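Visitor: The structure under discussion is supplied below as structure tokens; questions concerning it will follow.
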Amino acid sequence: MADGEGLVSVDYEVSGKVQGVFFRKYTQGEAKRLGLVGWVQNTSHGTVQGQIQGPTARVRELQEWLRKIGSPQSRISRAEFSNEKKITALEHKDFQILK
């Protein structure tokens, strides 16, 4: 594997107008388009959180999407990423929307 193409896992939380605007559905679609696995869910305090896993470069693309784009009706005020770590194998089979 080329340098920077190892697998990483990153947790995220996105704040702003991100609930009730199909944010989870669009996040799932974008993750699948990029070939990433993980999950996304709404939180009780009005944010969306989840985990992304996959090749570093693709994870970076989704992080940028979560930071700047989101779903068409969303307004992102902040995207925070935490617990980034290199992994040797994916821990999820696909990208799921959790309730």
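Keep in mind that glycine also has a Cβ here, set from the backbone N, Cα and C atoms.
Annotation source TrEMBL lists domain 'Acylphosphatase-like' at 9-99. Feature annotation from TrEMBL assigns active site to Arg24, Asn42.
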Visitor: Mind looking up the mean pLDDT for the domain 'Acylphosphatase-like' (9-99) in the predicted model?
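Guide: Mean model confidence (pLDDT) across the domain 'Acylphosphatase-like' (9-99) is 98.
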Visitor: Could you tell me the C-alpha distance between Arg24 (active site) and Asn42 (active site) in angstrom, no decimals?
Guide: 8
Visitor: Tally the residues of the domain 'Acylphosphatase-like' (9-99) by DSSP class, grouping H, G and I as helix, E and B as strand, and everything else as coil.
Guide: 24 helix, 39 strand, 28 coil
Visitor: Sequence gap of 6 or more, Cβ distance under 8 Å: name the residues on the same chain that satisfy this around Asn42 (active site), in order along the sequence.
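Guide: In sequence order, the residues whose Cβ lies under 8 Å from that of Asn42 (active site) (at least 6 apart) are Gln19, Arg24, Val48.
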Visitor: Report, as a single number, how many Cβ atoms besides its own are within 10 Å of the Cβ of Arg24 (active site).
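Guide: The answer is 21 other Cβ atoms.
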